[in-house]
Amino acid sequence: MPSVMEKPSAGSGILSRSRAKTAPNGGQPHSEDDSSEEEHSHDSMIRVGTNYQAVIPECKPESPARYSNKELKGMLVWSPNHCVSDAKLDKYIAMAKEKHGYNIEQALGMLLWHKHDVEKSLADLANFTPFPDEWTVEDKVLFEQAFGFHGKCFQRIQQMLPDKLIPSLVKYYYSWKKTRSRTSVMDRQARRLGGRKDKEDSDELEEGRGAVSEGEPDTGDPKREPLPSRPLNARPGPGKKEIQVSQYRHHPLRTRRRPPKGMYLSPEGLTAVSGSPDLANLTLRGLDSQLISLKRQVQSMKQTNSSLRQALEGGIDPLRPPEANTKFNSRWTTDEQLLAVQAIRRYGKDFGAIAEVIGNKTLTQVKTFFVSYRRRFNLEEVLQEWEAEQDGAPTAPVPVEEARRGAPVPATALEEDDEVQITSVSTSVPRSVPPAPPPPPPPTSLSQPPPLLRPPLPTAPTLLRQPPPLQQGRFLQPRLAPNQPPPPLIRPALAASRHSARPGPQPPPTLVGAQLEPPAPSL
């Protein structure tokens, strides 16, 4: 066997095939590829020696210690344990998610860090802030702008969103990419119109080519097919495929019969918009001006509302009159009595309004005053004047006898009759009738308030003074003490004067044993 490879010496390391072929033992003729091999001899050299051979280490058996010393590439996030039940784990995850904003992976990682101790994990959740994985509207807008500038270079996108990690950016990109295929109706319509224009241009070009190739068409022949159909039929296969693609491209729009919400289409508007691009721009400018004017109106209305709101916050306290913090008192002073009579003259039996006018009297106290001082201040005539102003005609009182016979009696007359019956004393009690009082003063006109009778001054000491007539205790039968004089009685002789046909106000009643003074001037 001829020696092709010799043992290398210290100075020689490479043996070429050309030297082996020129050896005296190789008597084979040269093949046709010898010339090509000689040209590329540097590519076919055999490299022998330690410089060109790999050093193979000794075989070591596999052992667990071999992998224990290696650095772990990942981090263990969660490892289940039997000491934590599923219900307790779900409760812990829900609390971490709702209260601290952790997701499931972060909450389980915290629990694993504390060796499945739920209490320690819950206490330590507030000490860390989880990475936000939620995308706000601002983040989405920034991502779209950054993607428009930099494309899929997420390192540059992260420079515009420094609080987002690259995995989060990639994850949001694929979810955002799915929504890009959803185009609006207006965009689809624009694409359709653009496709139609391109198709018309191409048809015109093909029609011109067909006319040049075929010569002038015969316009008098009605059986000749139109020229645009021939280039379409004569187009090769790829052209027909393109037509089919454009035909079925907008197939989903066939099912949509109505425009989207808020868009109203009319033939006039479409004709005006599609007529010329300048007209469409003018229409948009007009709409923009209307929008700007509406925004100005909204801004002015907001300013007006804010000023009114500030005025309402002040309240009506500055407009209220100053009110003194008076306490309710059951005693009636002379000024309060006169004020009550004037209030009755103006408000009638509206005791609530009268109590508000006086200020320190309740509704019950005003009613008691009306019943108690009806005779003293001639409140019936005051009410008649008030009713005359309300109705426009005076109402004369009805006698008690007619009321007993069945005639309609006003409420004031019935109340007066009841008061006389309640305050009357049994006839078995002896009493002395004093002489008749002096004639009453002439009646006053209805336009002026009635004269006010001043109560007589007490002659006895304050402790021995008798109570005024017509108090609330009149509804009970008075018990006469053995050494106490009888109470003052109302003279019943006035009942006969009611039968007289003389119209006009009646004189005030007199009290037995009371000294009358000349009336005070009218208010």
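Placed from the backbone N, Cα and C atoms, the Cβ positions cover glycine too.
Summarising the annotation, Swiss-Prot assigns coiled coil to 283-314 and lists sequence analysis as the type of evidence. Outside the coiled coil (283-314) by six or more residues, the chain places 272-273 with a CB less than 8 A from a CB of the stretch.
Swiss-Prot lists 30-43 with the feature compositional bias 'Basic and acidic residues'.
Among the features that Swiss-Prot reports, compositional bias 'Basic residues' is placed at 248-260.
Positions annotated as compositional bias 'Pro residues' by Swiss-Prot: 432-459.
The compositional bias 'Low complexity' feature in Swiss-Prot is assigned to 460-482.
According to Swiss-Prot, the SUMO2 cross-link annotation covers Lys88. Residues near Lys88 (SUMO2 cross-link) in space but far in sequence (CB under 8 A, at least 6 apart, same chain), listed by position: Val118.
The annotation domain 'ELM2' is assigned in Swiss-Prot to 44-129.
Sequence annotations record features per position, and here Swiss-Prot assigns domain 'SANT 1' to 130-181.
Note on the domain 'SANT 2' (327-378): DSSP counts are 32 helix, 0 strand, 20 coil. Taken from Swiss-Prot, the feature domain 'SANT 2' covers 327-378, and the record attributes it to sequence analysis.
Residues or ranges marked as phosphoserine in Swiss-Prot (evidence: similarity to another entry): Ser31 (among others).
Annotation source Swiss-Prot lists phosphoserine at Ser35 (among others).
Swiss-Prot lists Ser36 (among others) with the feature phosphoserine.
Positions annotated as phosphoserine by Swiss-Prot, on the basis of similarity to another entry: Ser63 (among others).
Summarising the annotation, Swiss-Prot assigns phosphoserine to Ser202 (among others).
Among the features that Swiss-Prot reports, asymmetric dimethylarginine is placed at Arg479, with the record citing similarity to another entry.
Among the features that Swiss-Prot reports, region 'Disordered' is placed at 1-43 (among others).
Counting residues per DSSP class in helix, strand and coil order gives 39 helix, 2 strand, 45 coil for the domain 'ELM2' (44-129). Look at the domain 'SANT 1' (130-181): DSSP puts its residues at 37 helix, 0 strand, 15 coil.
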